[in-house]
Structure formats: structure tokens, C-alpha cells
Amino acid sequence: MFSVGLLLCVKHPGCGNIVTFAQFLFIAVEGFLFEADLGRKRPAIPIRYYAVMVTMFFTVSVVNNYALNLNIAMPLHMIFRSGSLIANMILGIIILKKRYSIFKYTSIALVSVGIFVCTFMSAKQVTSQSSSTENDGFQAFAWWLLGIGALTFALLMSARMGIFQETLYKQFGKHSKEALFYNHALPLPGFIFLASDIYDHAVLFNNSELYQVPVIGVTVPIMWFYLLMNVITQYVCIRGVFILTTECASLTVTLVVTLRKFVSLIFSILYFQNPFTLWHWLGTLFVFTGTLMYTEVWNNLGAAKGQPQKEEKKN
């Protein structure tokens with residue numbers, strides 16, 4: 001999924017709004033036809049709760065995409081967002097009064113250190129890669145700081161949305177397909193405020209080089225082809241995550257999402273040759289090690305290995 005999205009961002013770094021709009025529109029139309037039954041099916045969860053949820057969801061999506069316009073490199077963007085698990089824990093402690101083990105608090109420290117290292121090293125790269133004048137360097141750094149602020153806001157808002165969903169599903173039950181539809185259909189009017197930006201990028205997409213689609217032989221501007229592939233893969237990914245949250249334990253969902261982010265990060269570095277120092281690798285290692293510690297993967301693997309031995313002794 002991320003490989004196509006990265007191709008779009010490399011060609012046109014500010015195309016996040018048109019990409020998000022296309023994804024939301026596709027999922028909303030599909031859900032209206034097959035989940036909402038052309039509007040005849042009443043939602044299991046009242047619309048007013050979905051309205052609150054989609055306001056947060058829409059805000060997070062737009063802010064995350066806009067951060068790419070503020071001197072935020074894609075690898076840093078992906079690493080920063082991988083801290084959503086930790087942000088959710090912190091808000092859970094504050095809002096839901098939850099308490100965790102020392103092992104999980106240690107994972108918070110690891111992820112926090114990892115994000116700090118990657119953020120600090122990227123800050124040095126931004127100032128060194130900017131124009132030779134001190135003024136331009138300061139301006140680039142100021143935009144970068146604004147981008148970090150946007151990512152932080154989106155991270156906390158996403159965590160708050162997760163807590164809101166958790167309480168909502170406990171009250172009304174889990175309805176993954178319905179939630180998928182309303183999370184993408186209700187925010188569509190909000191794209192009116194982004195119409196000029198979406199139109200500008202649609203024009204840029206129309207002027208991109210032509211590409212002949214394999215098998216069917218149709219020739220289209222290559223950016224529209226990239227967008228179509230991104231929409232399809234995004235739909236498969238998001239639908240899978242929504243289903244996974246209802247069919248599997250949260251440990252499985254978290255592990256799958258973490259591994260997907262890791263693969264995407266490696267692809268971004270290798271394919272697009274983004275500057276990635278030894279410090280970045282160390283920060284990345286801390287982030288993903290901390291995330292795996294939080295999910296208690298090793299404890300569960302140890303328990304799984306111990307079960308066959310117990311069964312053998314009984315036999």
C-alpha cells in the first residue's frame with residue numbers, strides 16, 4: 001500500500017488531499033452500495049457518535065497528509081506515527097485511569113527515545129540541506145518544527161479517537177463494516193474546504209506523462225494510475241484492519257500493523273534513497289523493539305512453546 005503512496009508523494013509532495021479524498025470517496029460509495037443498502041439500513045450505532053468519531057478521523061488524516069508539506073521526510077513521518085500505541089497508553093492512563101506493568105512502561109521509554117533520536121537527527125539534516133543562507137536555514141527549520149507539531153497533534157488526536165472507539169464498541173457492540181462506511185462517508189463534505197487544492201492537483205495529474213495500463217491496453221496519465229492503485233490497496237488494507245479488530249486479539253492487530261509499518265519504512269529507505277544514518281537505524285530499532293515489548297510478543301511466544309511440553313508430560 002505504502003509503495004504506491006510513496007510514488008505519489010515523490011512526484012507531487014503536496015498531493016495528500018486529493019489522495020485522501022479519492023480513498024474516502026471510494027470506500028464511501030462501496031459502503032453505501034453494499035453495507036448501508038442504498039441508505040435503507042439503519043446504523044447500529046447512532047449517527048451522532050459517528051459524527052464525533054469522523055471529525056477526529058478526518059482531522060487526523062488531513063493533518064498527517066499536510067505534514068509532508070512541512071519539511072517532514074516520509075521515513076520520519078512513518079516512524080513518528082508508529083508511536084500511536086504509546087500515545088494511546090498515555091491517554092488511557094489519563095482518561096480511563098488504566099494502570100500497566102513495569103514491562104510496558106519500559107516500552108514507553110524505548111519508543112519515546114527512538115522517536116526523539118530520529119526527530120533530532122532529521123532536524124540536523126533539514127538545517128544542513130537547506131539553502132546556504134542562515135535566513136533560509138532558519139525558515140526551513142521553522143517549517144520543520146511546525147510539521148513536528150502537526151504530527152504530534154495528529155498522534156494524540158488519533159489516540160483519543162481509539163479510546164472513544166473502545167468505549168463506543170463496549171456500549172453498542174462491534175460493527176466493523178458499518179464503522180468503515182460512516183468513518184469515510186460523513187467526512188466527505190469537509191473536502192469542500194480543500195476543493196481548490198484538490199482541483200490544482202487534478203490538473204497536475206492530467207498533465208503527467210501517459211502510461212499504458214497492462215492487459216487492458218488503455219492509456220492514462222500515470223499519476224491517475226498511481227492514484228487508482230493507491231485507492232485499491234488502501235481499501236484492502238483498511239478493510240482488513242477493521243475486520244481484524246473484531247476477529248483477532250488486539251495483540252495480533254498491533255503486531256500486524258507494526259510489521260506493515262516496518263516493511264514500508266524499509267521500502268521507503270531502499271527505493272527512494274532517503275538519507276538514513278546509523279542514528280536513524282538505532283532510533284528505528286528502539287521504536288519497533290518498544291512496540292513489540294508493549295504487545296508482549298516474547299511472553300506469548302514463550303507461553304506457546306511451554307504448552308506442548310505440558311501436554312507431553314500429561315500424556
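Heads up, the Cβ atoms here are built off N, Cα and C, so glycines get one too.
Remember, TrEMBL labels are computer predictions, not curated facts.
What TrEMBL says about this protein:
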type     : residues : note
TRANSMEM : 16-35    : transmembrane segment
TRANSMEM : 47-67    : transmembrane segment
TRANSMEM : 79-96    : transmembrane segment
TRANSMEM : 103-122  : transmembrane segment
TRANSMEM : 142-159  : transmembrane segment
TRANSMEM : 180-199  : transmembrane segment
TRANSMEM : 211-229  : transmembrane segment
TRANSMEM : 241-272  : transmembrane segment
TRANSMEM : 278-295  : transmembrane segment
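Counting Cβ pairs under 8 Å that are 6 or more residues apart, the transmembrane segment (180-199) and the transmembrane segment (103-122) reach fewer than 3 and are not in contact. Contact check: the transmembrane segment (47-67) against the transmembrane segment (142-159) gives at least three Cβ pairs closer than 8 Å, residues 6 or more apart, which meets the contact criterion.
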